[in-house]
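The structure appears right after this line, and notes come after that.
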Amino acid sequence: MPGKMVVILGASNILWIMFAASQAFKIETTPESRYLAQIGDSVSLTCSTTGCESPFFSWRTQIDSPLNGKVTNEGTTSTLTMNPVSFGNEHSYLCTATCESRKLEKGIQVEIYSFPKDPEIHLSGPLEAGKPITVKCSVADVYPFDRLEIDLLKGDHLMKSQEFLEDADRKSLETKSLEVTFTPVIEDIGKVLVCRAKLHIDEMDSVPTVRQAVKELQVYISPKNTVISVNPSTKLQEGGSVTMTCSSEGLPAPEIFWSKKLDNGNLQHLSGNATLTLIAMRMEDSGIYVCEGVNLIGKNRKEVELIVQEKPFTVEISPGPRIAAQIGDSVMLTCSVMGCESPSFSWRTQIDSPLSGKVRSEGTNSTLTLSPVSFENEHSYLCTVTCGHKKLEKGIQVELYSFPRDPEIEMSGGLVNGSSVTVSCKVPSVYPLDRLEIELLKGETILENIEFLEDTDMKSLENKSLEMTFIPTIEDTGKALVCQAKLHIDDMEFEPKQRQSTQTLYVNVAPRDTTVLVSPSSILEEGSSVNMTCLSQGFPAPKILWSRQLPNGELQPLSENATLTLISTKMEDSGVYLCEGINQAGRSRKEVELIIQVTPKDIKLTAFPSESVKEGDTVIISCTCGNVPETWIILKKKAETGDTVLKSIDGAYTIRKAQLKDAGVYECESKNKVGSQLRSLTLDVQGRENNKDYFSPELLVLYFASSLIIPAIGMIIYFARKANMKGSYSLVEAQKSKV
C-alpha cells in the first residue's frame, strides 16, 4: 500500500509541472483601454496578470509625466488610484508587469470631462407684459466646452441654439451661457422656459450627456388705472367722517397703500387696506391723500384732496321748548351740545330769578334738576353754552300744573229709595284752577257741570268740588255715578288731562210689610213648642232681629234668625215678642203676644184682718192665683141649702159689719181653659158679750165641723189635681204627702 502512494504522488507532481509550463504569461487592465473620468471624481485603474506567481508591476505615463496617483500592489494585481481626478490625469497610462525574464505592458487612455450640474436660467428682471426681457441660460464648470451645445425653448418653441466650437487648447473649467431677449405677453403665463445643455461625448454611454433646467413663466402687469372713490364727499364738516376706497389693476393684484402728503412733501403712511375711513375729522385732517397700487414690478398712484370745513356747534335742550311739570314731581332739563368737544355751561332764568334746582355738567351734557317742582320753578330757563370764542343759548319754558289724584265721590248718606241725597265730587290739590271743569253723570245722563273760570293770580293748590242733590229711585240701582274732572291745557303735553271716579249706585229700600207667622198659635199650653217666623221686605234684604219686651219696657235681644223657636215653654215665656227688619235704609217692627196657659196654681184664700172676727167688724175675703193670666176667680159661701156665689172684685169680697150669719165656709175656685183649683177657709164671727146667742151650742158645733171639713175637702182637691197632672191618683200617696 505505501508503495502505491509513492507512485501516485510522483505522477501528480509531474503532471502539475507540465500544466504550469503550459500556462502563458498574460496581462489585463480594467478598464480595458479607455476611461472617461469626471474632474473631481475618484478613479482606480487596475492591472492584473496570469501565468506568473509573483509578478512585478510599474506604472508610467506615455510621455513620462507624473502619475498624479497612488499605486497599490497586491499579489497578481496592481491598482493606480487618482483622487481627485484633475487635468494632470489626462494621459495614456502604461502598466508594465515583469515575471522573471518576461515583461508585458498594457496601456489605458484616461480622458477627462466636467458636466457636474444642470443649467441655470436667469432673468434680467421680472416678466412684465409688453416689456423686453433677457433670459440667460448658464452651464457651469464644463469641459471640454468645444463639445457643448445649449438650446433655449419657450414651451415647444426653440428660441435659440448654440454650439461652442472655438478652438480651446487651454485646459480649464469654464461657464458657458446663452442669452435670448424676448417680449413676454399675457399668453405666456403658465408656459415654461427650458434650457437644455448637451455634451457630445458619443463613445461613453455611461456619462450623462444632457442636462436641462425648467422655469415656469409668471408674467406680471404693472399697476395701472388706479382709481379713488370718496364717500360722502371730498368736502366735509368738522366732526364728520369719510370713507375713501382705492382700486388698481395689475398682475399680481396690486397691494394698496394709503398715505398723506405732508407739508414738506414727504408721505405719512396711514393704512395698507383698500379702504381708508376717517372719523371725527378735524381741520388738521385737510390735505392731499395718496393711494398707491404696488406689486412686484411697479407702482401706480392716485391723489385726492380732502377739505375739512369748520362745523358750527349746535345746542339742543330737552324735553323740548316747553314742558308741563306736575307740582311735587321731579323734572330734569338737559342741555346737549353737538359739534364741540369741551363746552362750558351756565343756567339762568329769563328774569334772573333763583334757579331753585341742582346743576350737573359732564362732557357735552348739562342737566338742571328741579326736585320737587314748586311754584318757584314756573319760569323760562336758559342754557348758555360756550365753545371756544362762540356762545349759543337755548331756552325752555317750565309750566306748572297739579292734577295728582282722581276725584273723590262722597254722599251725605246712604241711597234710600225716595229720599233725597247730596252728592259731592271733590278734586284735590288742583292747579291752575281756571282751567278746571267738573262734570257729574248718572249713567250717560249729565246731572251737573261746572267750570271754574274765575280769574286768579294766586298760586296755590286748592280743592274744588261740585255738589248736587237728587232723589234716587229703585231704577237707579246698578247705574254708574261718574265724577269727571278735566284740566283744559291743550297746548301742554302731560298725562292725564282727564281723571274720573266711578261709583255704582245701590238704592236701598227701607224694610216694610214686616209680618210674623206663629205656629201653631200664639196661645199655648205650658210645655208646648212654638215657631215664630218673621218676614220683612226691603233692599238690601233686611236683617231680622228678635227681642222680647221686658216689664220695664227694655228689649232683650234673642236671635238674629228669621225663625225664633221656643221649646217646652213655660208660663214665664209669656209676653210681647218683637221682630225687627233692619237694613241701611231703616227698620220695621212687628209685635206678637205669646200667652202660655197653665192650670191655676198657688191659689191663696185669705181673710183680712183675720179668719176670726167679731160681730160688726169688716172682713175682706181675698182669693189670688199666682201669675196665671185670664183666670176666672169664683168666690162662694158654702151652705147646706146650696152655695152662694159672691160678687167679688178682682177676687176680693168685702163683708161690712159682719154678722153671725156671715160665719161659715168660704170657697175660692180658680179656673181657666186648662183646669181649675179650689181653696177654702172658715170664717168665725164671734158675737158681742151682750149677745146671748153668740155662743150657742149649735153654732159652736158647726164652727168646729166646718173647720175640719173644709181643710179636708181642700186637701182632697189638691191631691186629685196633682194626680191628674201625673196621670193617676193614689190615696196612699196622698196620705204620704200629707204626712
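We count from 1, first residue shown onward.
In case you wondered, yes, glycine gets a Cβ from its N, Cα and C as well.
For 25-698, the entry in Swiss-Prot reads topological domain 'Extracellular', with the evidence type sequence analysis.
The feature domain 'Ig-like C2-type 1' is assigned by Swiss-Prot to 25-105.
The DSSP secondary structure for Cys47 (disulfide bond) is strand. Taken from Swiss-Prot, the feature disulfide bond applies to Cys47-Cys95 (among others), supported by experimental evidence.
Per Swiss-Prot, disulfide bond is recorded for Cys52-Cys99 (among others). DSSP gives Cys52 (disulfide bond) a coil state; it is part of no helix or strand. If you take the C-beta of Cys52 (disulfide bond) and look for same-chain residues 6 or more apart in sequence within under 8 angstroms, you find Phe25, Thr76, Ala97, Cys99, Glu100, Arg102.
Positions annotated as domain 'Ig-like C2-type 2' by Swiss-Prot: 109-212.
Shown in sequence order, Pro119, Glu120, Ile121, Cys137, Ile150, Asp151, Leu152, Leu178, Gln212, Ala213, Val214, Lys215 are the residues of the chain, 6+ apart in sequence, with a C-beta less than 8 angstroms from the C-beta of Cys195 (disulfide bond). Cys195 (disulfide bond) carries a strand DSSP state (E or B). Among the features that Swiss-Prot reports, disulfide bond is placed at Cys137-Cys195 (among others).
Swiss-Prot lists Cys246-Cys291 (among others) with the feature disulfide bond, giving sequence analysis as the kind of evidence. According to DSSP, Cys291 (disulfide bond) is assigned to a strand segment. Taking a C-beta cut-off of under 8 Å and a sequence gap of six or more, Cys291 (disulfide bond) has these contacts in its own chain: Thr226, Ile228, Met244, Cys246, Ser248, Ile256, Phe257, Trp258, Arg301, Lys302, Glu303, Val304.
If you look up Swiss-Prot, you'll see Asn273 (among others) marked as N-linked glycosylation site, on the strength of sequence analysis. In the three-state DSSP classification, Asn273 (N-linked glycosylation site) falls within coil.
When Cβ atoms from all protein chains are considered, those within 10 Å of Cys335 (disulfide bond) total 27, not counting its own. Summarising the annotation, Swiss-Prot assigns disulfide bond to Cys335-Cys383 (among others).
Taking the Cβ of Asn365 (N-linked glycosylation site) as reference, residues of its chain lying under 8 Å away and at least six apart in sequence are, in sequence order, Thr334, Cys335, Ser336, Val337. Positions annotated as N-linked glycosylation site by Swiss-Prot, on the basis of sequence analysis: Asn365 (among others).
With helix defined as DSSP H, G or I and strand as E or B, the domain 'Ig-like C2-type 5' (408-506) counts 6 helix, 54 strand, 39 coil. Positions annotated as domain 'Ig-like C2-type 5' by Swiss-Prot: 408-506.
What Swiss-Prot lists as N-linked glycosylation site is Asn417 (among others), and the listing cites sequence analysis. Listed in sequence order, the residues of the same chain lying 6 or more apart from Asn417 (N-linked glycosylation site) and placing their CB within less than 8 Å of its CB are Pro472, Thr473, Ile474, Val507, Asn508, Val509, Ala510, Phe539, Ala585.
Other Cβ atoms within 10 Å of the Cβ of Asn463 (N-linked glycosylation site), summed over all protein chains shown, number 10. Summarising the annotation, Swiss-Prot assigns N-linked glycosylation site to Asn463 (among others) and lists sequence analysis as the type of evidence.
Around the Cβ of Asn531 (N-linked glycosylation site), a 10 Å sphere holds 13 further Cβ atoms from the protein chains shown. According to Swiss-Prot, the feature N-linked glycosylation site maps to Asn531 (among others), an assignment based on sequence analysis.
Swiss-Prot lists Cys534-Cys579 (among others) with the feature disulfide bond, giving sequence analysis as the kind of evidence. Every protein chain considered, the tally of other Cβ atoms within 10 Å of the Cβ of Cys579 (disulfide bond) stands at 25. According to DSSP, Cys579 (disulfide bond) is assigned to a strand segment.
Residues near Asn561 (N-linked glycosylation site) in space but far in sequence (CB under 8 A, at least 6 apart, same chain), listed by position: Ile544, Trp546. What Swiss-Prot lists as N-linked glycosylation site is Asn561 (among others).
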Nearest-integer angstrom distance between the alpha carbons (Cα) of Asn531 (N-linked glycosylation site) and Cys95 (disulfide bond): 168
Pairwise CA distance, Cys579 (disulfide bond) versus Asn273 (N-linked glycosylation site), rounded so that it is a whole Å: 104
Cα-Cα distance linking Asn273 (N-linked glycosylation site) and Cys534 (disulfide bond), given in Å to the nearest integer: 103
Asn273 (N-linked glycosylation site), number of other Cβ atoms within 10 Å: 13
Sparsest-packed of the listed disulfide-bonded residues (Cys95, Cys99, Cys137, Cys246, Cys383) - C-beta count within 10 angstroms: Cys99
Mean predicted confidence [pLDDT] for the domain 'Ig-like C2-type 2' (109-212): 87
Rounded inter-Cα distance in Å - Asn463 (N-linked glycosylation site), Cys47 (disulfide bond): 143
List of residues, in chain order, with Cβ under 8 A from that of Cys47 (disulfide bond) and at least 6 apart: Ile27, Glu28, Thr29, Phe57, Trp59, Thr77, Ser78, Thr79, Leu80, Cys95, Ala97, Lys106
